[in-house]
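To start, the structure under review is shown below, and the notes come after it.
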């Protein structure tokens, strides 16, 4: 205190003015930041969840908010470039007309398409069935691909190339998602990198600087106590396990490695079982739902939803099996958690892939010559993109129904049971813990469906936005009223990064089916904006051929080998440079660390000030 | 700050707040200290009372706020942190001090404490990382050395104004 008083006496008037002006500037900046944070959606809700349940669960809800915003932006993109022009030209607003270019060089039998319009008296439940399965009255709306048969709406003067817009909007939303996710994950990556580098004196750091002095709420304090205790205990346990692993004999190692190989074989067997069952069920469902017999409404609906049900069942059973098996593999606890999560992620995303693959095998199955002329099974699937869109729509609706049903029929009754019934087994089960990883994988699964399905069903992002919006409130209510706080606190920074990495894997996996649909499978000739093209991608070369000669030559030049090979070599050189730089930094860090250790024991540096 | 201090005093002494002392029980009602496991040590360290009842005068109160504010240097913070962690006031952090420190951090209940074996392992690790002269205790300079390389200390060692 005496030092400070001396300081204040000797500072001149100018320095004081500088200090006060910088203080007021900081105040203004803080106030602006506070005001702008009021504009954030759900800011108060997420803050209160974080205070009560910890930062791990809070990161789940802010991840959900991110997905709501992403889906909303994707919807705006698709709507403004694809749906809106189609609607205004179909209804003739703004003096627009539609130009339907008659298809050339196409067999007439390929272009026959009659969406099953329900005419005349229909029962009420037909509408319900159509709403749930995307057929009937929904099939001809702008929800599905088949609606967009306009080739070129004329909006007053400019001619709007709808097929090109459709394709480019698809690439745009995929690119936008990729960039946004990478931007968010870079921030998380930096944090997790810094955190990992702290192995040097992790114990001292945790003990001397572990308590956050800003905590004022006793409940938050209790959470912090338990999280500190858990962190210290896991660190000590990991150290003990590492020592045990280092002491393993040759015989032990052989035994453990052979056990691991055996368990991995079991895992692969479980996965193949899942995939095969999904394949069989999809084939069965497609075969049986195509004989339209409206007599048995429930049976028909059940058959239609069978693939979704089997996928949900597989997504539920497989993680339980994996978490049971991993106990025998004797890994470190942190690695165990990561490996189980990666396996669950793989199961969920590969299930969608198998479903799509089985759909395509049905669509491209061609026995007759007539069928081969079209390129796809025109009898059963005159508009196959709409059918794929319907499957994605059904998956999304079913996912939503399951989440609502589980919350209503499992969580709330469990809470009622635990509070009112005091028998031993019920109390031992206890209240449910909010399983962060399961919930995150669930919403990533839903988001992958949305990304794949948006090409076949442009209004799907709107449904996804509404779905995630409602899920936020459902999960929040379920959390507040039926869950107890987790005994094992999650580390927020690394988990944020982990969620985004898995989301990125989902996005990359969504590229594959879309790529195959756009570039490989012939587009349906009876409906959709790509009627006149062999494959959907063909609209791009077609457009380029209409550009002025100069621009065409430039584009041809970029795509040719003369440009690609030097470009590739330059990219490789830049990559090698960055790898070398990273290696050099690592070596510098190692050297500095060794120096620090030397400094610790160097008597010159360590004269204690007594 | 003056207003907050005078609110802690009983009504009769409020006009004379500059020279009055607030009893320890009142200090512990401050929101910043309420949930803090080191509340008793903080009161003991900042109190300059001769009678040993840990009462805080206005100057002590200002001291406390300034040490925990954002503008205090890490030198001062680490100096006071050392005094707070030194439970037996002997000028070094020995095993018993470290044991009490860890117990404060993990919580006051019986079931939230680490087992004896874990405590031994933890204290062993801490001393390995920070004890330079290998005398089994941590003195002030060793503590300041360790804390200066810790990224969390600056972030967590402050009250919000």
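Indices start at 1 and increase along the chain as displayed.
Any Cβ shown, glycine's included, is placed from N, Cα and C.
Quantities reported herein were computed from a predicted structural model and do not represent experimental measurements.
What TrEMBL lists as transmembrane segment is A:66-88 (among others). Within its own chain, the transmembrane segment (A:66-88) has Cβ neighbours under 8 Å at 41, 94, 96, 142, 147-148, 150, 153, 155, 160, 162, 165-166, 168-169, 172-173, 176-177, 180, 184, 443, 447, 450, 454, 458-459, 461-462, 464-465, 468-469, 472, counting only residues six or more beyond its boundaries.
Taking Cβ pairs closer than 8 Å, the transmembrane segment (A:164-182) reaches residues 70, 73-74, 77-78, 81-82, 85, 148, 451, 454-455, 458, 461, 500, 503-504, 507, 510-511, 514, 518, 529-530, 536-537, 539-540, 543 in its own chain, all 6 or more past its ends. Under the heading transmembrane segment, TrEMBL lists A:164-182 (among others).
For the transmembrane segment (A:257-279), the residues of the chain that approach it from at least six positions outside its boundaries are 307, 310-311, 314, 318, 321-322, 325-326, 328-330, 343, 346-347, 350-351, 354-355, 357-358, judged by C-beta separation under 8 angstroms. Per TrEMBL, transmembrane segment is recorded for A:257-279 (among others).
The annotation transmembrane segment is assigned in TrEMBL to A:305-328 (among others). Within the chain, the transmembrane segment (A:305-328) has long-range Cβ neighbours (under 8 A, six or more residues past its boundaries) at 132-133, 259, 263, 266-267, 270-271, 274, 277-278, 281-282, 284-285, 336, 339-340, 343-344, 347-348, 351-352, 355, 391, 394-395, 398-399, 402, 438, 442, 445.
Residues 267, 271, 274-275, 278-279, 282-283, 286, 307, 311, 314-315, 318-319, 322-323, 326, 387-388, 391, 395, 437, 441, 444-445, 448-449, 452, 498, 502, 505-506, 509, 512-513, 516, 521 of the same chain, all 6+ positions outside the transmembrane segment (A:340-360), place their C-beta atoms under 8 angstroms from a C-beta of that stretch. Residues or ranges marked as transmembrane segment by TrEMBL: A:340-360 (among others).
Sorting the domain 'TMC' (A:383-493) by DSSP state (H, G, I as helix; E, B as strand; all else coil) yields 87 helix, 4 strand, 20 coil. Annotation source TrEMBL lists domain 'TMC' at A:383-493.
According to TrEMBL, the feature transmembrane segment maps to A:497-521 (among others). Panel annotation: around the transmembrane segment (A:497-521), residues 59-60, 63, 167, 170, 174, 177-178, 181-182, 184-185, 188-189, 191-192, 341, 345, 349, 352-353, 356, 360, 363-364, 375-376, 384-385, 388, 440-441, 444-445, 447-448, 451-452, 455-456, 535-537 of the same chain, lying at least six beyond its termini, place a Cβ under 8 Å from a Cβ of the stretch.
Marked as transmembrane segment by TrEMBL: A:563-584 (among others). Residues 557 of the same chain sit 6 or more residues outside the transmembrane segment (A:563-584) yet have a Cβ under 8 Å from a Cβ within it.
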